[in-house]
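Notes follow the structure.
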Amino acid sequence: MTAILERRETTSLWARFCEWVTSTENRLYIGWFGCLMIPTLLTATSVFIIAFIAAPPVDIDGIREPVSGSLLYGNNIISGAVVPTSNAIGLHFYPIWEAASLDEWLYNGGPYQLIVCHFFLGICAYMGREWELSFRLGMRPWIAVAYSAPVAAATAVFIIYPIGQGSFSDGMPLGISGTFNFMIVFQAEHNILMHPFHMLGVAGVFGGSLFSAMHGSLVTSSLIRETTENQSANAGYRFGQEEETYNIVAAHGYFGRLIFQYASFNNSRSLHFFLAAWPVIGIWFTALGISTMAFNLNGFNFNQSVLDSQGRVLNTWADIINRANLGMEVMHERNAHNFPLDLA
């Protein structure tokens with residue numbers, strides 16, 4: 001009797017790690033981008049939570065007037081924030097080891113720069129991971145393309161704008177009231193409401209909300225009956241079923257009669273592409289607008305542009321907005337300037 005011994009191939013630890021990282025059988029896909037995403041987002045999240053709760057006040061304007069942002073220093077969820085890195089640091093790379101002490105690093109707002117840089121790497125890696133998983137599953141790459149819109153928006157307010165203005169202190173604070181302050185000061189200094197790219201972003205966000213509500217309500221109103229009156233309509237759908245769960249012809253007919261025929265999509269694929277593309281393109285434009293205004297290419301200025309036959313100014317809404325801008329401008333960073341307006 002001949003015994004045949006089959007030699008088992010031994011794979012290296014690295015090969016097994018590579019197989020595990022790129023496996024689509026895992027409950028959560030890791031991927032090579034995930035190897036960057038997981039540590040960076042964990043770091044950003046951990047430091048944000050600690051700083052939001054316990055960070056001491058930060059000298060944001062570099063004039064020895066610290067601004068409190070954490071819960072333990074008197075703030076609540078609405079007023080609290082991680083305060084941006086000090087204007088005294090500017091755009092310098094400011095890790096913990098660059099400061100003379102931990103107290104100095106905290107006083108100069110080091111946590112903000114740490115959070116923003118790790119968060120930026122993390123969301124870029126998340127976008128790459130979306131593409132990577134789509135590639136492994138043989139899907140098209142448009143999920144990552146759609147996600148590039150919020151990535152571009154975050155990059156604009158956390159990275160591009162501080163670079164253009166010359167200091168991380170001009171970045172958006174990581175909190176609710178801080179975000180509102182950023183928006184108000186941005187309007188005062190750049191007149192963003194009069195910038196066409198911001199207008200496209202507003203059309204993208206509100207239009208996307210409208211189209212989402214229209215699509216959801218049309219589909220929900222044209223479901224194919226599979227249940228009795230006493231059952232939930234949701235019970236009429238079985239995950240993975242091949243047949244349509246709603247009547248697109250009925251939805252098309254309804255909307256075509258409500259508006260006009262060609263306002264209604266008769267192709268489900270082109271409809272869903274439109275639903276994705278509209279808000280994404282709008283947010284792309286807003287991010288591009290923030291990035292141009294970062295370098296002081298600002299919104300339209302129509303101030304005092306309408307005169308009567310005697311040469312007297314007839315105020316328009318543009319003039320009203322300009323007066324509001326001036327008021328916001330002179331109120332912000334009130335102790336940092338020797339002049340009523342920034343000279344930048």
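Each position is counted from 1, following the chain as shown.
Glycine residues also receive a Cβ, built from the backbone N, Cα and C atoms like all the rest.
Between the stretches 118-133, 246-261, Swiss-Prot puts its transmembrane segment entry on 118-133. Contact check: the transmembrane segment (142-156) against the transmembrane segment (274-288) gives at least three Cβ pairs closer than 8 Å, residues 6 or more apart, which meets the contact criterion. Cβ contacts within 10 Å of H272 (Fe cation binding site), excluding its own Cβ and spanning all protein chains shown: 12.
Each residue contributes its Cα atom, and for H190 (site 'Stabilizes free radical intermediate') and H198 (chlorophyll a PD1 binding site) these two points are 11 Å apart. Of the chain residues outside the quinone site list H215, S264, F265, M214, L218, A251, H252, F255, L271 have their Cβ within 8 Å of the site's Cβ mean position.
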